[in-house]
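Just below is one structure, and these are the notes that go with it.
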Amino acid sequence: MINVLINKSSKLVNGVDSCINNKTIRLFCSSSSTNQVNKTPFNLCIIGSGPAGLYTAAKVHRQIPHANITILEKLPYPFGLVRSGISPDHQNEKKVKNTLEKVLLEHPHQIQFIGNVDIEKDIKFQYIKDNFHAVVLACGIEGDKKLGIPGELTLKNVYFAREFIGWLNGNLKDQHKQFDLSNENLAIVGQGNVALDVARLLLKKNSDELKKTDITSTSFDKINKSNVKNIHIIGRRGPLEVSFTNKEIREILTLQNVNTFINDISTLDVSEEDVSKLERAKKRTFELFKQHLKPFDQEIANNGNMNLIFHFLRSPVELLDKYGSSSGSGDGMVLSKIKLEKNKLIIDEKTQQKKAIGSGEFEIIECSSLFRSIGYTGTKQFPSVPFDFNSVSIPNKYGKVLEEPNSDKFINGLYVSGWLKGGPSGSIPNISANSEETASIIHQDYESNQFINNNNNNDGGHNSITSLLQPNHKIINFNDYKKIESEEVKRGKEKGKLLEKIIVFDELKNIINNS
């Protein structure tokens with residue numbers, strides 16, 4: 001019997017049975033009471049090969065060993081954000097790739113990877129549903145949040161932080177991006193770890209440590225040649241409300257040859273009562289700010305080091321060119337300055353939580369490139385699948401998709417895992433637990449035959465994918481990926497680094513065909 005922890009002890013709905021004991025849902029009550037083994041054919045398609053998809057595959061395989069699981073991936077390689085979203089200088093975090101890879105290595109007949117398949121573009125989602133008993137959506141969240149201010153869409157050199165990290169990591173879909181690092185002043189809007197990733201990597205200019213990672217040589221060379229000297233991290237909230245984790249904030253505040261400043265020292269003046277209400281980790285974050293952030297000093301800033309300047313309680317309200325315009329007309333199409341509004345925190349009457357509102361006071365800082373890292377809006381990726389833009393997730397109960405938000409009616413055979421299930425946040429361990437819950441619901445539905453296709457035969461499934469694609473479409477299986485990886489490791493050794501990622505798709509195809 002498998003126990004899955006959840007936040008509340010309400011019963012599953014619409015025929016999904018369970019036994020409930022306080023905060024623990026004990027699933028499979030009926031199936032655990034019999035010694036009979038269900039051998040009904042089961043073809044499962046998982047869309048997305050990141051941690052959510054692979055963890056779900058492993059946990060379903062453990063519970064339904066004879067299941068045929070096909071994992072579809074838009075990119076030509078697996079592992080999702082582990083390969084393309086974790087900062088190159090955080091190799092310890094990337095080691096989870098070894099665990100994920102075992103899912104594909106140890107069960108090659110039951111769990112099969114097919115890369116370079118873009119749903120709707122290469123194959124219709126409806127065809128997937130027609131050829132599998134069940135489908136799990138585990139491909140993450142698309143759609144970065146915009147600032148929604150004048151100049152954001154009209155001036156050049158305004159980017160998303162996530163694209164920059166993908167570019168550094170050799171993610172194919174980000175290689176066409178051009179990032180201007182030719183000027184001294186750069187700003188990052190956001191108070192989460194991705195904002196720190198961008199700043200930290202730029203501050204590690206000429207770092208041998210960074211050079212030896214899996215960062216692409218192209219992007220490493222560009223960072224080394226950059227003229228960036230002053231990096232501004234801007235956030236609408238105060239130092240007590242940031243989303244930085246202690247490990248990341250400590251790392252960036254203790255970098256060698258970096259001056260760490262705060263633009264407005266008064267923003268660190270917070271009441272002892274407010275500090276006392278913080279969780280332990282948040283208290284430590286605030287202590288780190290007080291310990292390392294000094295009032296901006298121009299003389300120190302000119303000492304040859306790079307400068308990191310934190311701006312708390314500030315919101316960008318307009319992006320300006322060198323003429324002070326946000327229209328982007330004529331030769332003034334390039335970002336030059338940011339207009340910021342000073343904020344103050346008030347208690348929201350509805351939520352009783354602090355929120356930042358503008359004070360009507362403004363200031364302007366020099367800035368020639370801007371990275372946005374303020375969250376995700378989400379996009380509706382699949383026809384006929386509902387999407388809740390408020391929670392930035394697909395509405396579901398314990399991983400089974402609902403017909404609409406707050407509904408009590410399920411869509412049989414359709415499941416969700418990872419960020420699409422719970423919203424765009426959560427560590428790898430959280431995603432593992434998230435996937436466990438989804439796998440449990442799939443197992444229970446398998447026992448009761450509540451799927452898209454209830455036919456008890458083994459038609460369709462993995463073997464149907466190639467027939468549904470165009471004849472000349474290049475699919476990439478796991479053996480193909482291992483050829484790519486082998487070549488990347490070889491090229492990396494030649495350069496004295498972990499690996500050298502291949503960033504041109506045609507080159508990937510040639511490696512596969514000629515190996």
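Cβ atoms here come from the backbone N, Cα and C positions, even for glycine.
From a predicted model like this one, the values you see are computed outputs, not experimental measurements.
What Swiss-Prot records for this protein:
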{"type": "BINDING", "residues": "Ala52, Glu73, Leu81, Ile119, Trp419, Gly426, Ser427, Ile428", "note": "FAD binding site"}
{"type": "BINDING", "residues": "Gln191, Gly192, Asn193, Val194, Arg236, Arg237, Glu248, Gly426", "note": "NADP(+) binding site"}
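Counting other CB atoms no more than 10 Å from each candidate's CB, the binding-site residues Gln191, Asn193, Ser427 peak at Gln191. Neighbour list (Ile428 (FAD binding site), Cβ cut-off 8 Å, at least 6 residues apart, same chain): Pro51, Glu93, Val96.
Taking Glu73, Leu81, Ile119, Ser427 as the binding-site residues under consideration, the smallest Cα distance to Gln191 (NADP(+) binding site) is found for Ser427. Distance from the CA of Leu81 (FAD binding site) to the CA of Val194 (NADP(+) binding site) is 12 Å. When secondary structure is read from DSSP and collapsed to three states, Val194 (NADP(+) binding site) falls in the helix class. Candidate binding-site residues: Glu73, Glu248. Fewest other C-beta atoms within 10 angstroms, Glu248. Checked against Glu73 (FAD binding site) by C-alpha proximity, the binding-site residues Gly192, Arg236, Glu248 yield Gly192 as the nearest. In three-state terms derived from DSSP, Arg236 (NADP(+) binding site) belongs to neither a helical nor a strand segment and is classed as coil. Here the candidates are the binding-site residues Gly192, Asn193, Arg236, Arg237, Glu248. The one whose C-alpha lies nearest to that of Leu81 (FAD binding site) is Asn193.
In space, Gly426 is the closest of the binding-site residues Ala52, Ile119, Trp419, Gly426, Ser427 to Arg236 (NADP(+) binding site), judged by Cα positions. Neighbour counts were taken as the number of other C-beta atoms within 10 angstroms of each residue's C-beta; across the binding-site residues Arg236, Arg237, the minimum falls on Arg237. Checked against Gly192 (NADP(+) binding site) by C-alpha proximity, the binding-site residues Ile119, Trp419, Gly426 yield Gly426 as the nearest. Neighbour list (Trp419 (FAD binding site), Cβ cut-off 8 Å, at least 6 residues apart, same chain): Ala52, Gly140, Ile141, Ser393, Ser425, Gly426, Ile431.
The record assigns Gln191, Gly192, Asn193, Val194, Arg236, Arg237, Glu248, Gly426 to the NADP(+) binding site, and the maximum Cα to Cα distance across that set is 22 Å. Annotation for Ile119 (FAD binding site): spatial neighbours Ile47, Leu72, Lys74, Phe125, Ile128, Gln381, Phe382, criterion Cβ-Cβ under 8 Å with sequence separation of six or more. Within the set Ala52, Glu73, Leu81, Ile119, Trp419, Gly426, Ser427, Ile428 that the record links to FAD, no two Cα atoms are more than 26 Å apart, and one pair reaches that distance.
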